[in-house]
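Asker: The structure is given below, and queries will be raised subsequently.
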Amino acid sequence: MAILTSLLKKLEIPESKRTSNSVLRNKDLLPIPRDHQTWGFFSNFCYWGLLSFNIGTYTSASAASSIGMSYGNIILAYFLGDVISLLFTIANSYQGLNYKVGYTLSQRFVFGIYGSGFGILIRILMSIVNYSSMAFMGGYCVNLMIECIWPQYLNLENTLSSHVAMTTKELIGYLIYHLLCLFAFFIKPYQINYLLICSSFFCMASFIGLVSYLSHQAGGVGVGFSGATQTIHKGEFARQFVYMASYWFGSVSPGITNQSDYSRFCTNQYSMGAGIMLGLLIPSNIIPVMGVVGTSAAMKIYNVSSEEVWQPYQVCELILNNSYTSKARCGIFFCGFCWTLSQLAYTVSAFGIPAGFDASGIFPKYINIYRGAVACAAISFACQPWNFYNSSSTFLTVMSSFGVIMTPILTIMICDNFCVRRQKYAVTQSFVIHGDYYFYKGVNWRAIFAWMVATAPGLPGIYYQVHPPAVMSVAQRGILDYFYFNCFTSSLISFFLYWGLCIIWPVQQSVPDDKDYYGAFTTEQAIKRGMVPYDELTEEELNAVGMSKKSDDDDSTSDSDNTSKTNKQASKKNDYKEVIFLCFIYQLTFFFFF
């Protein structure tokens with residue numbers, strides 16, 4: 001027993017100067033201090049633009065053409081999905097914007113102190129699957145750079161078993177990409193906006209360069225774009241149109257879910273709103289069109305089918321195989337670098353860091369953001385993402401399924417914020433077990449029940465979409481239609497059901513904190529909110545809620561801080577050892593699942 005206690009003590013994360021660790025709290029879960037609220041228009045624009053500034057969005061319209069819709073109608077369906085996503089995103093921003101808390105604490109507000117584990121675990125699972133998918137695609141981008149340096153790598157022999165749906169080259173790129181992510185996890189969440197901005201502009205430049213080159217070589221947009229015809233009509237067209245809007249919403253839903261994690265970094269609501277609106281509506285309609293033009297031009301140049309060139313890295317490898325010149329290698333290397341950077345920024349910001357936040361919310365004493373993100377990356381090997389890309393239709397189904405699960409959670413959070421609580425929360429109570437958010441045995445059963453009722457009908461639809469029966473009954477068609485319409489149906493069901501349950505069985509209303517215990521607001525903002533500003537609070541008042549005036553960024557070297565400085569240096573050495581250990585566990589996990 002003593003050995004176990006000693007081991008658990010060593011596994012605890014380092015104490016913060018700002019707060020002590022407990023079963024409900026560590027520094028990563030606290031509201032963001034005002035000094036870290038630096039996200040303006042371009043940060044928000046590029047965070048949301050990055051959902052489109054990646055190779056997944058480039059391929060989306062070409063992939064969707066397999067369902068029989070014209071490219072114009074596909075883009076129109078995407079636009080509808082963007083409008084729905086915009087409404088959900090803005091509505092889901094206010095807990096982070098008003099209280100500077102992320103998704104993890106928001107789950108305590110809505111699902112309860114213990115029930116929050118339900119919503120947190122769902123997002124962790126979603127992050128793991130998405131991380132796995134994006135990491136495998138990122139491996140292709142890494143391979144492009146290596147192919148431009150070593151020509152032998154371009155046609156590297158596959159030494160893996162034929163039963164494995166990937167090649168040796170794909171495995172190498174996949175592992176290298178994972179290692180790059182390990183280092184990217186060291187970027188502090190409030191500083192990752194610099195990576196987002198750089199990667200967005202680099203990726204856009206690479207797409208413009210690639211599509212311009214292909215269009216010039218093809219003498220236009222190619223035969224695929226002009227020759228695309230619609231093969232479905234009337235009722236089936238309506239179903240598929242709504243399905244594409246739901247698919248697009250489902251692919252964006254991870255970003256919507258993460259919104260409060262990043263809206264708390266925003267300087268003001270106006271730059272946030274403008275950045276979200278333009279970042280969602282503009283790139284998501286431009287990049288798929290560029291993908292269609294690039295794919296159709298490549299089809300004409302190399303006389304191949306769309307399946308052989310619908311991924312941009314496939315086009316780049318065709319260019320290298322047909323013309324391995326210094327100019328081609330330089331251009332393709334630039335594309336590979338830009339796409340690796342964008343995939344890295346997207347993977348880390350949308351899935352790695354949110355998984356770290358969530359994991360720290362479950363085990364605050366033992367897991368911080370970095371450990372949680374590494375755990376997400378390690379477990380992602382179990383998803384075997386190389387099987388995700390066997391066909392475009394399977395890929396669409398996997399992506400759209402997340403909307404079925406996440407839409408009710410998002411809607412319940414929005415309903416709780418605007419209709420049930422009227423945007424009044426007590427942040428200090430989210431760190432108290434038997435507080436305002438204890439509900440019944442620590443669980444808000446109303447939220448759980450509303451989620452189950454809204455989600456359950458959509459799950460069989462995923463199965464029928466992947467394995468359609470030869471003859472579909474009326475009931476099966478209804479289930480599939482619910483799946484197609486899930487972003488509308490499940491949101492309405494969960495919203496009004498949760499609201500109705502809270503009217504019949506009211507929840508305990510919270511009184512917002514009257515003091516800025518976490519230094520999350522300026523003096524003017526605190527006074528406007530009816531709070532005592534942080535600078536006017538005494539150390540005793542802060543200690544009463546487990547906080548301190550000390551800052552983790554304080555580098556003071558006074559005599560009283562000499563011990564702290566020594567501990568900080570020792571902590572850095574331990575961090576390096578931890579990185580080496582986690583890298584070992586990381587790779588060991590891969591070989592176990594592989």
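Cβ atoms are placed via backbone N, Cα and C, with glycine included.
Automatic, uncurated: that is what TrEMBL annotation is.
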Asker: Can you check which of 75-97, 144-166 TrEMBL lists as transmembrane segment?
Answerer: 75-97
Asker: Tell me which range among 332-352, 395-415 TrEMBL lists as transmembrane segment.
Answerer: 395-415
Asker: For the feature transmembrane segment as recorded in TrEMBL, pick the matching range from 359-379, 443-463.
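Answerer: Comparing 359-379, 443-463 with TrEMBL, transmembrane segment matches 443-463.
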Asker: Apart from its near flanks, which chain residues at least 6 from the ends of the transmembrane segment (171-187) lie with a Cβ under 8 angstroms of it?
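Answerer: Distant Cβ neighbours of the transmembrane segment (171-187) are 135-136, 138-143, 146, 156, 160, 195, 340, 343-345, 347-348, 352-353, 356, 369-370, 373-374, 377, 386, 579, 582-583, 586-587, 590.
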Asker: Determine which residues of the chain contact the transmembrane segment (443-463) at the Cβ level, with the cut-off under 8 Å and only residues 6 or more beyond its ends counted.
Answerer: 110-112, 114-115, 118, 397, 401, 404-405, 407-409, 411-412, 416, 437, 479-484, 486, 489-491, 493-494, 497-498, 501-502, 505, 507
